[in-house]
Amino acid sequence: MRMRNLLAALLLCVGGLAAPAALAGVDPEGTKVCVECHDSEDLADSSRHAHSHPTDERAPGCTSCHGSSVPHAKNPEKRKERPRPDVTFGKKGASPVAVRNAACHSCHSKDQKRMLWAGSPHEAADVACNSCHKNHTNNDRALARAGETELCYGCHKEQRTQLSRPSHHPIPEGKMGCSDCHNVHGSAGPKLAKRDSTNDTCFACHAEKRGPFAHPHEPATQDCASCHNPHGSTVQAMLKARPPMLCMQCHTPHVNGNVGAVGGQPGVFTPARPGVPPAVGPNASGKNVVNIWQGRACTNCHTQTHGSNNPATTNPTPNLLFR
């Protein structure tokens, strides 16, 4: 009983710093009733957590999340097993996801990070807030970088596999977290990217690739994921394939054979996409055609694949992205 009374005092008005009436959304009598029974370590730990913190006027009380739960508290029919609270979060008999999330969003929907939850991929997948967050503990692994990564891996197993490949962002090393690129609560960008586009998210760290360049490389200005796998790859620089194969996915329709001679004209062929320069071509005399399949990679010459400020006069392609 002494422990229960101590918990009640802690949760309501430790040090007299906040009068019960001033606590936003708190029913002090309801909280007092709750701690008469719920004096386990789990609830005791909440005194150090943002939820039910006794000295923070913004902190909710038990009924702020679980509802008034009068039948549960009073048990008027004196059942051996009390009726469940109005809103429950436990694994056994939890309330529907929408009900649980509504309880959380009554407080946690007023900032920019969470304002786009409605319609987000996680909301559409019926993910509950407490699928990632713990309600009572002060050690919420979703808020710790190492715990956050393992938490995401629980569902995103494909990305975990990709991050185990030789070329990857330093997430396994703990130097980055998933939330450095993604806003898990909703985003205007693709795949919950923190910014409005994939490129803007990448440029937040890789600003030197942004440009502007006199001779930009179109894929680099439109979508970094055209060439890179952002989670990891077996190819250096997290490329989706090795050059020249990667380059030739756009710069030529020919993926087999000798690129040096196509259609009887050395090095002359139609690009794979309208407006895309061919990967190789003749000079004014029709000689010196680059034969990629003889062991030369595109990047041997075109080192500035994200764009270049230097002019290029080689025909027939004006923008060769030379150093």
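Cβ atoms here come from the backbone N, Cα and C positions, even for glycine.
Taken from TrEMBL, the feature signal peptide applies to 1-24.
Annotation comment: TrEMBL describes 45-92 (among others) as region 'Disordered'.
For 45-59 (among others), the entry in TrEMBL reads compositional bias 'Basic and acidic residues'.
Look at TrEMBL and you will find 74-85 (among others) tagged as compositional bias 'Basic and acidic residues'.
Taken from TrEMBL, the feature domain 'Doubled CXXCH motif' applies to 122-160 (among others).
Residues or ranges marked as domain 'Doubled CXXCH motif' by TrEMBL: 168-210 (among others). Beyond the ends of the domain 'Doubled CXXCH motif' (168-210), by six or more residues, the same chain brings 113-123, 132, 145-146, 148-149, 152, 162, 220-225, 230-233, 238, 306-307 to within a C-beta distance below 8 angstroms of the stretch.
Residues or ranges marked as domain 'Doubled CXXCH motif' by TrEMBL: 217-253 (among others).
The region 'Disordered' annotation in TrEMBL covers 303-323 (among others).
TrEMBL lists 309-323 with the feature compositional bias 'Low complexity'.
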Report summary line: Sequence-distant residues near the compositional bias 'Basic and acidic residues' (74-85) by C-beta distance (under 8 Å, 6 or more away from its ends) are 66-67, 93
